[in-house]
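Notes follow once the structure below has been shown.
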Amino acid sequence: MRVTVLGAGAFGTALSVALYNSCCSVALWSRNKRVLEELRNTGMNSLYLPGCLVPKEIELIPDVESALKCASVLLLCVPTQELRNLCNDVRNTAALDASVPVLVCSKGIENKSLKFAGEVIEELLPDNPVFVLSGPALAKEMVRGLPCAMVLAGRDESLAASLAEKLSSAVMSIAPSTDYVGVQIGSVLKNIIAIACGIVIGKGLGYNASAMVVVRGIAEIQAVSTAKSESVDLSTIIGLACLGDLVLTCTSASSRNMSFGLAIGKGQDIASRNDSLVEGAESAQSIDRLSNTLGIHLPVCSAIAKLLRGELDTDQVINQLLFA
């Protein structure tokens, strides 16, 4: 199986290595030519995944059209706000066969359209089967060959099962799911909830308070799932894509979202933070707007959105996170 990964950030690079170790033939593309040059010369990606060696057998490709040729599976590993431009590039090359499954690994919501990542891809690549790959998988651990498990969700149950089996390995377990909407909702909201947990811990309020935020956050995932799809798959809520990823993101110092919240809770000025790689910061505003459109109240997500807009201070946010 030839797998093409578009995006050589931390997760795209780590996933490329994990899939290569699963005996896949892997091609990796990046818009950042310096990243590709360093990978080609040293096998390292010091910008996004320092200290980790990438096998020289992974093919490094500088242009999208060449990367798409002969691909049997396409994985998109770029920030959500860059997905539309990338999908337009893919579509304009006309090099992607309509039978090739497209797997999105972005955990966000498009700010302008309020569409989840999979919805953006379905709009721009309507002929290709689209799946969402999500779950508790830190790039730094994946690239070292440590065990992880994820969910592959899509509308085609049999194809999801087939892909999950082919992409899995002895250390990377991928389970198929048909809860295409619920998995995406969980993957987006968990980042916002992680920021909230980081703030609580940073303020010195302890893990009891953090657990309160997690429980409230799960209720908000359920509320959005119900409003978007009129049903809730309990196995998704308590499974890898929601609870599993939520626990990892809310407890790991390696989580950018948790670290972002932690710094805010400790008093660091939000304006001084570079949040370009913090998906939860991007998603908070969009989810706040989406909740208004859906007519639902999400106290945790709303509090983080208002904080980032400068409408609440951290003490007011704590009150809303724990007691509103």
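Placement of Cβ uses the backbone N, Cα and C atoms for every residue, glycine included.
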Per Swiss-Prot, what member of Phe11, Phe323 joins Arg31, Lys107, Ala139, Arg256, Val278, Glu279 in binding NADPH at one site?
Phe11
Candidate from Gly135, Gly145, Gly154 that Swiss-Prot assigns to the same sn-glycerol 3-phosphate site as Lys107, Lys190, Asp245, Ser255, Arg256, Asn257:
Gly135
Within 10 angstroms of Lys190 (active site, proton acceptor), Cα basis - binding-site residues out of Phe11, Ala139, Ser255, Arg256, Val278:
none
Largest CA-to-CA spread of sn-glycerol 3-phosphate binders Lys107, Gly135, Lys190, Asp245, Ser255, Arg256, Asn257, angstrom:
15
Do any residues at least six apart in sequence from Glu279 (NADPH binding site), in the same chain, have a Cβ closer than 8 Å to its Cβ, and if so which, in order?
Pro79, Thr80, Ser106, Lys107, Gly108, Val188, Asn191, Arg256, Asn257
Compute the C-alpha separation of Gly135 (sn-glycerol 3-phosphate binding site) from Val278 (NADPH binding site), stating it in Å without decimals.
17
What is the interatomic distance between the Cα atoms of Val278 (NADPH binding site) and Asp245 (sn-glycerol 3-phosphate binding site), given in whole Å?
15
Should Lys190 (active site, proton acceptor) be counted as helix, strand, or coil on the basis of DSSP?
helix
